[in-house]
Structure formats: C-alpha cells, structure tokens
Amino acid sequence: IQFGEGEEAKVCLDIMQRTGAHIELSLAKDQGLSIMVTGKLDSVMKARKEIVARLQTQASATVAIPKEHHRFVIGKNGEKLQELELKTATKIAIPRPDDPSANIRITGTKEGIEKARHEILLISAEQDKRAVERLSLEKAFHPFIAGAHNRLVQELSQETGARISIPPPSLPKDEIVITGEKEAVALALSRIRAIYDDKKRKTTTISVEVKKSQHKYIVGPKGNTLQEILEATGVSVEMPPLDSSSETIILRGEPDKLGPALTQVYAKAKSVMVVEVTAPAWLHRFIIGKKGQNIGRITQQLPRVHIEFTDGEERISLEGPTEEVEQAQAQIQDIIKDLLVRMDYTEVIIDQRFHRHLIGKNGANINRIKEQYKVSVRIPQDSERSGLVRIEGDPKGVQLARRELIEMVQRMENERTKDLIVEQKYHRTIIGQKGEKIKEVRDKFPEVIINFPDPAQKSDIVQLRGPKNEVEKCAKFLQKIIADLIENSFSLSVPIFKQFHKNIIGKGGANIKKIREETNTKIDLPTENSNSEMIVITGKKCNCEAARDRILAIQRELANIKEAEVTIPAKLHNSLIGSKGCLVRSIMEECGGVHIHFPSEGSGSDKVTIRGPAGEVERAKRQLLQLAEEKQVNNFTAELQAKPEYHKFLIGRGGANIRRVRDRTGARIIFPSPDDTEQELITIVGREEAVRLAQKELETLVKNLDDVVEDSMVVEVRHHRHFVCRRGQVLRELAEEYGGVAVSFPRTGAHSQRVTLKGAKDCVEAAKRRIQEIIEDLESQVSIEVAILQRYHRAVMGPKGCRIQHITREHEVQIKFPERDDSAAGQEAPPQENGEVSPDAESAPRKCDVITISGRAEKCELAKTALLALVPITVDVEVSYELHRYIIGQKGSGIRKMMEEYEVNIWVPQPEQQSDVIKVTGQIANVERAKLGLLERVKELQAEQEDRALRSFKATMSVDPRFHPKIIGRKGAVISQIRKDHDVSIQFPDKGDEQQVCDVIVISGYERNVEEARQAIQQLVAELQEMVSQDVHLDPRTHARIIGARGKAIRKLMEEFKVDIRFPQPGSDEPDKVTVTGLPETVDNAIDHLLNLEEEYMLSVTETETMAAYMKPPSREDSSAGPAKGFVVRDAPWNAPGNKAPDMSSAEDFPTFGAGVAPKQTSAWGPKKF
C-alpha cells in the first residue's frame, strides 16, 4: 500500500504525529495488513496502544475487584492506569466513585485483555487485607495447574474459595498469586504444590523440529489447538515465541501420553500444505484483479487458504488445509490458462521526452487508448529514466495500441518546435484569468502545444510545438497579441501630493472611474498607509498622457500648486538626477516636497517641470539652476564611508550640522535613503576645492566619532523615570540622533544620580546637552486641567487614540485621561451645549471629567485649545417628520452613509414622538458640512414627494369583464405594452374578490399619461365590441392535427386570419364544438379554412382506422374468451438454417387481391400494435 491511501494510513499518520513514533504499513496481496513501529520506547508503546485501539479487532471483558481497590489501579494522578494501558495496549474503564458497580471493563486484543486482567487482579490481591501467597513455579508447569481451557484452576478456586492468579502464557512471569481467607489460601497452596510435585515427578519431555511456517497451525486460533491437545492427552506443548527463529517444539507429559500427543502435533502441522503455482510476473495483477476482486472470490470461498504473490518472481504460494489448497490451486491455474489465452503483452522503446505527450493532459491520450483497445499501458516514472513502455491486454488490442503509440511518436518526431521570446510580465495576461485567453488560442490552433515557463524560473521563453504550418500561424497570432499588449502597457508615474489622492478618487470612486473610462487606461493609486505619492497610469501612450494631464489639472484646482518649467540641457539631466536619483531627491526634500519631473530619456527635450507650493517651486528652481551651473563649470563628486548610526548626528537636528558644512564649503552633501543598498555611502557633489574641503571636514567629524569615550553626568532620581519609561523610548531616540551613544541609568532602588554615557566624544557631548535640555523642560513643566464631560472622552480620543497621539506629538505634551466612573455616567448634569462648559459645571468639575495636560506652559495652552476643539457639538436641524423614514433609508443605509461621509453622529427621533428635530453631533466643521448635506437631502426628498403627488393621479373606467383577457393579452403582452408606452399603472379587478366591482379598471400615473392610456384601452374595447363569436363543429379526431405540435399550427392560423380559436376542454359535453372569435369577415374565412382542414384530415383518419382493422387479428379483440384454438407452423422455410424471413412487401411472394392495397409491413414478424 502506498502511504496516504485508505483509512488505515490516515489513522497511522495521525498516530505518528501524536506520538513521534515512525510507522510503516505493508499490505500483502491477500489484503492482510502488517504494521511496523519504530522509535523511542515510550513513543512505540503509546503508538502500539493507539494502533491496537483504532485498527485491531477489539474485544472486551470485565474483571470484578472490590470497589475500595479501584483507586490503587488508578494510582497517583492516574499514572498507574496509564502505565497499565500502555503496557497491555488496552483501554481500561473504571466506574466512577458514585457508581455502585465494581466491574472494571477492559477493551483491546485478547492477549492484551489477559495481561491487563492478570495485572488488575494482582493489584487487588496485594491490597486485600486477607492472606496473600506468592508461589514461584516453573512456567512450563503452569498449563498443568491451569488445566485445559483454565478449567482446573477454576474448579480449584471454587472448591477452596481462594482467588488464584496465573500469569497468561504471553507474560514472562512464573509467579502464581493466591489470595483469600488464610485456610482457603493454605488449602489452594497445598493442592497446587501437590499438582506441581506430581507432574514434576511423572512428566518427561521430548523435543521435535517442526517448520516455523507450520507452528501457527499447532497453536490454532487463540491457542485453542494447544488446549485441545492438553485436554485430550494431558500433554503440554511448549511453542517458541513467533518472533524467534527457533523451530523446536517441546512436549511435556507422562511418557505413555507423549506418543499420542506427538501424533496429534504432526497431524495438526501436516493439516496444512504449501503449494507453488507458476505464472508470468506480468500476469499477477490480472490474477489478483481490480482491487483484489478475482483473488478475493477465492479467499472468500476458501478462507483458510493463504495466497502470496512475490514481486518480480514467477511463483504464487498457496498455504492452507490440503483439500482447500488443491481447490484454490485448480482455480488459480484455470484463471492463468484463461488469461494466457485472452491476454498478451508487448514492449516498445519510446524516448522518455515523448512520455508526457503520450499521456496527454490529465492522462487524456493514454486513457483514450486504454478504453478504445481494452488494454493496460504502463509508462515508467521519470525517475526510472527508462524508455520501456509495456502494453498488456487483448492480443488484437495490444497490437493496435502499439501501432497507435508508434504513430504518435513518429508524428511528434516530425513536429516543429519554436521558441517565442515574450517578457515574463506579459505571460499572465496572455494566459488570462483561469486560462480563458490561452484556451481561445489553443482552440484556434488545436494541434499546437503551447508551453509557458514556470513563474519561478523567471524565463521569457514560450515554447510552441506542433505541425510546422500550424506553429508558424500560431506564432504570428501570438506576436500580434503581444504587440497589442506592449502598445497598451505603456506606463508612466505621476507624483501627486498625498492629501489630494482622495479628491482624485472622488466620492465612491466616481472621478477615477470617469478618467479610467474616458481615457481607456488603468490607474493604480498607492495604498492609504504607504508613503508613496506616485500614481501609476498604464495603457496606450497618448491615453496615459491624457489621463496624467487630467489628474494634474485636479491637483492644480485643489491647491495653490504652481508649475514652473526650467530649461536645462538634456546632457546634464543624468548628472543632476544623481546616482539612483539621490541628487534630485535631496532638492525635493529640502524644498518642502516639491515634485521635479525630468523628460524621458532619449526624448531630446530640455524642459524640466517643477510642481508644488509657489514659494517652494521658486526655491527648487534656483537650486536646480545653481546645480546645473556647477555641473557645467566643474562636475566633481567624492564619496565617503560612515556608519549609518552616525548619519543623523552628522545631519544634526533639523539639518543644522550639515547646513553649516554646506554654507562654509559650498558643496552639496547627499546621504543615502533607507531604500539604498549602500547604507554607509555619503556622496559630496560640487566644485573640486569645495568637495575636498567638505570631505576633509566630514572625515574629521567621522574620525572623532570613531574615538569612543566614556563620560558621566548627574541627573536627579525623580527625572530617571522619564528617560526609561515606555521601554526606554527617550534613550532610543537619543541613541538614534547622536551616533549610537549608549546612555546607562542606575537600576531602580540604587538611589544613585550618576548617569553614564558611552560613545564618540562629540556625540557624548551633544547627548549630554540634549539630556540637560530635557531636564530643563521637565523642571519647567506645568500641569493644567481641562474639564470635558466624560461622555465626550471617547470622541476626543478618536479611533485607537489617534487624535490624542497627534496632539501629544505636535505640542510635545503628555495628556492623561481620568479613570472612567460608570456611576457618574448616568447623572451627568448640567448638560454641555456645543462643547462649552456651563458655569455650574465650571465651579465644581467632577473627577471623571478632568483631563490633565503636562508640559511647558505655552505648549499646554495650545494643547488645551486643540483638545477643546475636538469636543463634539450638537446642532438641531428642522426636518419634516414625514421625511424621516426616507432619510434613514432601507435598513438605515441612508443615514449610515451620511454619518460615514461627514464623520458625525445623526440622531433621528422615535416615530411615536412625531418630532421634526434631527440632532447632529460631531466636530464643528463636520457638523456644519453634515447640516448642509442634510438640508440638501431634504430638498431632494421634497422634490421627489411633489413628483409622487403628480404621479398619483387615478382614473377608473368600466369595461365588460369578457374583454379583460383580450386587453391583458397573452402572458400580459398587450397590457404591458400600454403600461410601458404611457408610463402608468393599470389594475384589473381580482377574479375571486366578490366585493370588488368586476368591470372597473383603475389607471394611475401622471394625469396626461392616464388620459392617453384610457383612450388606448377604449379604442381596444371598441375594436373588441365589433367582434363576433361563432361555433363550428369539427370531428374531435382532427383537433390534434389542426392544433399542431405545441399549438404551432393553430397559432399560425390565428395570426393569418386575425381571429381567436378556442377548442373544447377534455371531457367536455360537446367535444366537437370549436369557437372562433373576431371580426365577422375574418371569422367566416377562418371557419371555411377549418372545415377544409377537417375534410382533408378525416380522409387520413379513416384510412388509418381501416388499416388498423385489417392488421389487428380477431383473436386479439376477445382474448378473455378462453384459450385460443390457433394452429402451429412447423418446419416453415424461414425456420430452416441459412434461410431468412420472407419479404412481406414483395408482390411476388405476397400478391394483392382485389382493389385493396395491402399495407406495407415494416417488420417481417407480424403487424405493429397501434
């Protein structure tokens, strides 16, 4: 069995994962399962127990021991019970303490149950307060004490009243335990000793060699045969363990009994024979049959026969009772003989590279050959590196399949292979979603095999294989697709300030969707949480440029964005951009994030575009021109290595240090961005002397940084917490800013004020100054309180506290919110209007309302203002009560959309209040926007209401009910058209409603439309009133033909004559009455036509009936009158061998009589039954 097949394999996989043991399954050809478990001892024991529990046939038994002994079986924390279960591979169920039962249930194999039972009885015996005797007797004499089938020991127990525990044969113990009353134990002990002494004296042994394979037949099922020999002869047969290689069997008993016992042992051993049948190895799987069907039939019929097939060998072994083995041998030989006649095989060498093409996609080719020729084709695995293909099955089928395979190979050898170079990025597009596009290409060129490389290979080669002409056509077709793709995959990136991205997207994506559709381009925006400002446009070049212009126009409209063009010679562009764009990036960052756009390479344009806030654009323009000038004069560049942790220190706070170097030397210094691979490389650009000077200064700075010094300073203990709190956030920032300086504060509780700094000398000095500044800030810190009602705290904090975090960062303060007081939540008074605190609340703010701000006095005030600005206000908006449900929308969708759009909370009063006031709560700016939006929505709803009022005009008209079906039309076609043409609603009275007036039709809609619809219906009624109905009697037998298949003929007739024709219902009183309705003239014409049709169809009806009468034998009509007195035709010419039935249509064999025409018979054997 391959691992992973069948339920057993799944169970074993699960056990392997749980226990860590390794399990191997092997399935014999007779469906027997062997399991091998390897690993650590405890893992193997656990796995064995689980395998037995889950796979082996389970038995169960109960053992009764005193209730008070149960706890000793369980052991401390259940350890004893677990050990016992593992050792015996059983499941032991002990009743609960509250259960009166004393029976312990053991489930597992018979052998395991015996072991567990013995162990439990031993535990119980040890705990028994009565006498316990342990008797060590040689294991060989135990069977004599136990007796056949344990009968002797049971009798002994009953007679003496003692409990006797003899270890089972599988347990290597020789200790017999006797428990019970002292007298009973003593009696049992003496009886056992007597038996032992007697047998020890009288018995002798003989050893015999018996083939190992025959041992199991001597043991018998569950050891029954051994017990039978013991019962019959009084001789104990000692078998070597099944896992040992010994073939020696020892018989122990009285000398005169050993002879008969030996005879029985040989009889049992010889009751089984082993036969070998020779069959070609390739036939084995056919002998076994699909899923073991053939061999299964034999093993079911002869269950005691064991059949074994050996892979690669030409022999089959049969083992079992002589008679049954002979039967099985005969059956298998018959199967082999039959198969050799019916089956053949051939082998053909086919190059391995063609194997997968022979198999086809999902095995399509090979499965077709197998089914068509009823053969089995074995293609070797790739790993075998063999070209030998074997075909087995029907001799004729084998040859045909061989010929087809060889033809396929020849065809493949004559095929042409062509490689197309297609950039890998286009592969997915050519293949399409779920392979739809490539399927179209494959359907167009079915003979061409198209192979795309694996995405992991990063290959651009697409391989085409097939007949030469087809491959060429397919290559041209694919190249055209690729050319279109390349044309449509031009891409350009537009930098747009992040804050305007949402305006470019528009409400619900409206703007971006419109631009995409009108310019036929794909536009990708960066995700909200990314720092990228680039919008990528893909499509045809001209379309992409049009989309870019529209996006830039939106940005220009939204902000004071200025655009300037600078003329710089194209040859200088690369040097201005710098290595990986570092130069141009440094200008963009310095000038407040302006966007600088250079024309694409090779365009020859000198125009460089600068976009951004007006002042910054001018600054960037100056810097760019200055840089271009420098580049033209002398373009000199130098590079310098410095550890990344020094960069921040070299730049200084707000770029102060680097600006000083730049101002003194006039050189431009560029630091690597986080994305650069060379993180240590600093680039200096400018005039040669300026660069050299700046390089020297920086090198001195870096050298000083490499000299590590250690210094210390005094910081009061009360300030230590500020530096080390939040997992040392402040210390991390210091290290980042000052070249990785290490600042060590004393441990908590050390009461030391000395702080140690270690790092480069300049960095240590700067860090000391910064720590001093922080301490000054801390000492000048004040705390102010802001009273904001507790119910607004969540709104002030914002989602995940983002608003508070923004204020603390911006104003460098700390904000502490009070503990929530739920008891006060219900009694908040006086109320706060629009975020202003009422005078009463001012005088005595509650503890749960007070927010504390700590920091420098001026910063605290700014933070306080910012906090108060976040307090939500509530505004009342007057909206008529009738409109509330439309504002709320279906399932609250309308109001939810407004709340999300304006970031406010909108409260609509309960319907029973019938109030017109809607409350809007949120930040001032959002509330104002929401108020305007709400009023705008009210205007829309009022306009809709007016329109609804105009649409609700109703008019009624009386029309005779008999005309209603005609006005409605077939499947409502006529009335639907009137409704559609005039945009009205038309209602007819219900058929079953007796209270409604049955002739009144109600029309509703705009007044003018209602009037037009009314006139249309009146005109229709006028036409209907002119119509007449006339009955015509047509023979019912012709109705079906007049109606035609699915009413097709009658519909055509009704359309042709502009009439309505109604046929009677089945079971009608007048089955021949047909009603024709329409204008008088058309009704007459239709009736004439119907009568003509009836006459024509009646001729064929009477003809058919006449034929049926001739063809139906009279005997058939009265079959109930008794048995037919027919005649029997014997020795008719058509019964003679080689003759065929007479041709009844032949005029020569069957001449006609009179004028009647004999009907042509389609069957040579009598009439068809009509």
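Cβ atoms are placed via backbone N, Cα and C, with glycine included.
Those TrEMBL annotations? Automatic predictions, nothing curated.
When TrEMBL is compared with the stretches 359-416, 417-474, 591-648, 1113-1170, the one noted as region 'Disordered' is 1113-1170. Segment annotation: TrEMBL labels coiled coil over residues 1003-1030 (candidates 23-50, 51-78, 275-302, 1003-1030). Beyond its flanks by at least six residues, the coiled coil (1003-1030) meets 950-957, 959-960, 963, 966-967, 974, 978-979, 981-987, 1075-1080, 1083-1084, 1087 of its own chain at Cβ-Cβ distances under 8 Å. DSSP states for the domain 'K Homology' (414-483), grouped as helix (H, G, I), strand (E, B) and coil, give 39 helix, 15 strand, 16 coil. For the domain 'K Homology' (414-483), the model's pLDDT averages out at 84.
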